[in-house]
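Data block below; observations after.
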């Protein structure tokens, strides 16, 4: 259902944000480079002395740099009409860094080269700080445009200047799969999976309805309060876009396609996407053990993390 106004509760009512497939061009998946480098302008680690740093250290540093880029983009957004080239260059740098981050979580695992539904241009976007009960170290920000293909960001003169604000609803099939943790799969480690959906589509993604707050007791307390009317509805997703009228519908449909993929349950033994999420969590926590590493402990992060599901989010 397409609407011309934003839906969902106000305030800190709880949508997590995220990012995914890049827009424009050909297929939905892209080939990765396995390199992970620190951008020249990224802050350097205080204990960096020219030697090689651990992968987790570089990963955290990249995330910090990306968070700063996202904050700058948020401040620059009102000036898009007068600074289109600066805006485009900033988005290209965001794309470059986020692609490196996605590459690190996907290809550095020995023998794993299975693109996830979010693999094409996999982008880390900023999430709302609370993530409805999910831990997040990123500030609350708006979405990030997708890859620098032939779209409105690269063609400032191609837009009519008309901005449309629209929202679609995607139902989550909890009745068909009552034991499947859809919210955990959508959010991913520290909300990164959902950040990528937002980042690649330039849409805002909100998880709403019963079960969208991590703490059931808190959900009951918030039910019926202003801004939390959605808690009386079945679990669902709202996808909001405020974009040039020429691309808004395409971006919404792109986001819906990604979410439909993520909402399709799979057998755990064949779920490469979940394995990527588990490995990413281990990398973020500094507990990753690469195959052949002299360090003690489990070789596979999937066997040692005990992360089954990321449950629901808090308002």
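Residue numbering: from 1, along the chain as shown.
Glycine too: its Cβ is placed from the backbone N, Cα and C atoms.
If you check Swiss-Prot, you get these features:
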| type | residues | note |
| --- | --- | --- |
| COMPBIAS | 7-28 | compositional bias 'Gly residues' |
| COMPBIAS | 31-53 | compositional bias 'Polar residues' |
| COMPBIAS | 136-146 | compositional bias 'Polar residues' |
| DOMAIN | 171-238 | domain 'KH' |
| MOD_RES | 300 | phosphoserine |
| REGION | 1-53 | region 'Disordered' |
| REGION | 136-158 | region 'Disordered' |
| REGION | 289-315 | region 'Disordered' |
Taking helix as H, G and I and strand as E and B in DSSP, count the residues of the domain 'KH' (171-238) in helix, strand and coil.
30 helix, 9 strand, 29 coil
On the 0 to 100 pLDDT scale, where does the domain 'KH' (171-238) sit on average?
90
